[in-house]
Amino acid sequence: MAGATAATPMDIDAAAPPPGAAAKGKAPLSSTPGGRAAPWVEKYRPQSLGDVAAHRDIVDTIDRLTNENRLPHLLLYGPPGTGKTSTILAVARKLYGSQYGNMILELNASDERGIDVVRQQIQDFASARSLSFGAKQSVKMVLLDEADAMTKDAQFALRRVIEKHTRSTRFALICNHVNKIIPALQSRCTRFRFAPLDGTHVRERLKHIIQSEGLDVDDGGLTALVRLSNGDMRKALNILQSTHMASKQITEEAVYLCTGNPMPKDIEQIAYWLLNESFSTSFKCISDMKMRKGLALVDIIREVTMFVFKIQMPSDVRIKLINDLADIEYRLSFACNDKLQLGALISTFTGARTAMVAAAH
């Protein structure tokens, strides 16, 4: 965590409610759709700091700063689905209670990323005097989600706004890539990194939701959900809800069919072909499986790469193999021909097989 400007006690302002509380008619981040069809990512979003599934050290620190009336400007960064937005919204609910709507300005910087937003909406909101009506704190809050999508000019303009309105407003910036935030903004905020969630936390939260919804999920299905989420709670919930809509019983196979990812047994079969069969046989078999199961070559590459770590082979062969697989995945990201890259994949393993045979002798 990097240091911030000295956090001073929050000052109490008085006067009119802030303008621009809703951004151009957009629903705020915290609005939760009603009804049974509500996305589970919103239905089960933590409502208080105590409900946040992980990162207890960060949450406890922010909670303590809030209780001591010393909340600084915040910069929360890390991969998607790790609780950044939920944490800030929980802080805002704790601070403002029923006055939440009047005291916080929520903007998604990926949609509203220009300098005009800083000069108009944020400047107007921060400069307006607020009347707390008994809220615990009367300092206002500006929440900028996906702040790394803001233009550099907008970030420099925001720096000046933060300096000018520190006594009356706290700014909370949320982003995935902290290197896209200018140093001048970073130095004015206290930084917290939200790492991908541990599989244990994802599993426990999923168990709670499965029980609440009365779902039929076996152990294989739950393990598949945790594995495919890669520490992203939002992704895990979306996969769970999608699979539930497609299948009454949520099994490992149902989860993989819903997401289109290759199953572990498919990867084992593909690895067997790559390590044992001829070029033509491997090409035909993998192509047939891709067509039959609707698999994407890039997903196969990623899973095969992880499988390579489990195979016994000389270190130099493994290093070259992983490097070649990374090159193939890179080329696929530029929409290169799938058949050509499948051929490159098989050729890479053919070379690795030759190197392993030579090393054995």
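Cβ coordinates are placed from backbone N, Cα and C, and glycine is handled just like the others.
Checking the ranges 1-39, 40-78, 79-117, 196-234 against Swiss-Prot, the region 'Disordered' annotation falls on 1-39. Mapped onto three states, the DSSP output places PRO80 (ATP binding site) in coil. Within 8 A of the CB centroid of the ATP site residues TYR77, GLY78, PRO79, PRO80, GLY81, THR82, GLY83, LYS84, the other residues of that chain are LEU76, ASN176, PHE194, PRO196, ASP232. The Cβ of PRO80 (ATP binding site) has 15 neighbouring Cβ atoms from other residues within 10 Å, across all protein chains displayed.
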